[in-house]
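Each remark here refers to the structure printed beneath this line.
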Amino acid sequence: MATVIPPPSKKQKREAQQVRELDLVPKDLPNVLIKFQASDTGETVGGSIRVPGGISEKQLEELLNQLNGQTEEPVPYTFSLLDQKDGQAETLIDIKDSIYSSVLKPGIKTTEDFLTIIYTPRAVFKVNAITRSNAAISGHKSTILCCQFAPNDSGRMCTGAGDSTARVWDCNTQTPLYTLSGHSNWVLCVAYSPCGTMIATGSMDNTIRLWDADTGKQMGSALTGHSKWISSLTWEPLNLVKVGDTPRLASGSKDGTIKVWDTTRRTCTITMSGHTNAVSCVKWSGSNIVYSASHDKTIKAWDITVSGKCIQTLKSHAHWVNHLAISTDYALRKGGFDHSSTRTSSKTISPEDMRAKALEQYEKVAKLGGSISERLVTASDDFTMFLWEPLKSSKPVCRMTGHQKLVNHVSFSPDGRYVASSSFDNSIKLWDGVKGTFIGTLRGHVSAVYQTSWSADNRLLVSCSKDTTLKVWDVRTRKLKVDLPGHSDEVYAVDWSMDGKRVASGGKDKMVRLWGH
């Protein structure tokens, strides 16, 4: 029997009737005058250049590589137009296909205007989208609450669970490696040190424990001092650690205090109290400031160089602050490592070189227009987020609204250009990481979204949800790239390895899942 083609649907008929505009570049389009400006240093390259009005993004990339003398090994770039109207703040407009389609056709600028093109190097490597589940590993006897890859090796990953243990997994052989036993209650947070040698775990038993990342053995006794459970852990960035010292650790607790711990002597060196309710999240920035978000609706900035003095209190939220992210989070987490690091190569790097590399990677992301500018974004139960530059002002740069329910998690992209927010309204929203302006909504989940994690090249985003699935999103097109079913219950934790090879997830079904391509 011959195959009969089904009749067109109502949607297809509607689309067929619509008038389609062809995006053709007019032949008589005059040339435009442009100049290239670096996004981090603010330096210009090659002075004023006259180029065709219809020049494409790829041609701009080739021209810039020629001007920089990088024709042998061209660097991929993203381009934005610096638009400044009289008396208004500067805005960046992304150039997607060509100057004509992104700038001239919408009427943002004319061919008579002088165009300042801001360029940002993209990651030289490209991370492939995760497409399938490689392994489902059992071991935990209760809900998995957190997971994190080692900064120096995608073959090592640590999870914390409600069975009072944390576990280190060998992702290469897909087997459990060590069980970190010692806590007497749920393990709520795990964090690898930026040098990759230690793991810290925080628990509902009010203690923090340190473990050797290579052997899984506990390093000394538990760190005690908090009177309620540990909600968040953050390590001192490697660029601040003196050569020969081990990084310090900061912890936030439900008791409303933040403590800084000397990990060698195993003592609390600074206790910072000032919050009137539980501390939900702490982050240690590259400029030696610890930021804490609390259920008392405030965010505080503590200067560690002046024994934990509170230098700023940020008040704008109308409800609990659930989470905060710093624009340099990713660079600080990976320390002196990068996407090409392996477990063996990381042991051959000297502490001096590692610290220098960590400082270089931090400054690359932290610099905006030639000066260090660390931005902060906070998420709250009041359905909103705020973008801050806390060392410049106690007033927010921007109020970010749009979510219909509480915002649970926020994360900056590795280059600090984007912010992703996860909400209980089933959506993820993308925002500009510099100005805080709204970019787009990623819809696909059918229940609350708990967490997101970025790929190392800023091009992809993975999210986990109450609907039992993970989803991989293409940031440029803002479309769903891959749907990843597999878990049989809610997924609470997700992380993407530094080299982009793997994603790990865990949740209510007690299974650790590893995903690959």
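Backbone N, Cα and C atoms are what each Cβ position is placed from, and that goes for glycine too.
What you are looking at is a predicted structure, and each value in this text was computed from that prediction instead of being measured.
Look at TrEMBL and you will find 32-82 tagged as domain 'NLE'.
Taken from TrEMBL, the feature repeat 'WD' applies to 137-179 (among others). Long-range Cβ contacts of the repeat 'WD' (137-179) within its own chain (Cβ-Cβ under 8 Å, at least 6 residues beyond either end) map to 185-192, 194, 196, 199, 201, 203, 205, 211, 213, 215-216, 333-335, 337, 341-343, 346, 492-499, 501-502, 504-508, 510-514.
Beyond its flanks by at least six residues, the repeat 'WD' (180-221) meets 142, 145-153, 156, 158-162, 164-168, 227-235, 237-238, 241, 246-247, 249, 251, 253, 261, 263, 266, 332-337, 346, 354, 358 of its own chain at Cβ-Cβ distances under 8 Å. The repeat 'WD' annotation in TrEMBL covers 180-221 (among others).
Here the repeat 'WD' (223-271) has a mean pLDDT of 91 out of 100. Annotation source TrEMBL lists repeat 'WD' at 223-271 (among others).
Remote same-chain partners of the repeat 'WD' (272-304), defined as residues 6 or more beyond its termini with a Cβ less than 8 Å from a stretch Cβ, comprise 228, 231-237, 239-240, 250-260, 310-315, 317-326, 328-329, 331-332, 362, 366, 372, 374, 376, 378, 380, 388, 390-391. Look at TrEMBL and you will find 272-304 (among others) tagged as repeat 'WD'.
TrEMBL lists 400-432 (among others) with the feature repeat 'WD'.
Residues 122-123, 125-127, 129-131, 330, 339, 405, 408-409, 411, 413-415, 417-418, 420, 422-430, 489-496, 498-500, 503, 505, 507, 509, 515 of the same chain sit 6 or more residues outside the repeat 'WD' (442-483) yet have a Cβ under 8 Å from a Cβ within it. As annotated by TrEMBL, repeat 'WD' applies to 442-483 (among others).
Secondary structure of the repeat 'WD' (484-517) per DSSP, as helix, strand and coil residue counts: 0 helix, 17 strand, 17 coil. Under the heading repeat 'WD', TrEMBL lists 484-517 (among others).
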Positions whose Cβ lies under 8 angstroms from the repeat 'WD' (484-517), at least six residues beyond its ends: 125, 127-149, 151-152, 154, 157, 159, 161, 167, 169, 171, 174, 334, 337-341, 450-457, 462-466, 468-472
Within-chain partners of the repeat 'WD' (400-432) [C-beta distance under 8 Å, separation at least 6 from its ends]: 78, 92, 120, 123, 319, 322-331, 365-366, 375, 377-387, 438-443, 445-454, 456-458, 461, 463, 465, 467, 473, 475, 478
For the repeat 'WD' (223-271), residues assigned helix / strand / coil by DSSP: 3 helix, 23 strand, 23 coil
Residue counts (helix, strand, coil, in that order) that DSSP gives for the repeat 'WD' (137-179): 0 helix, 28 strand, 15 coil
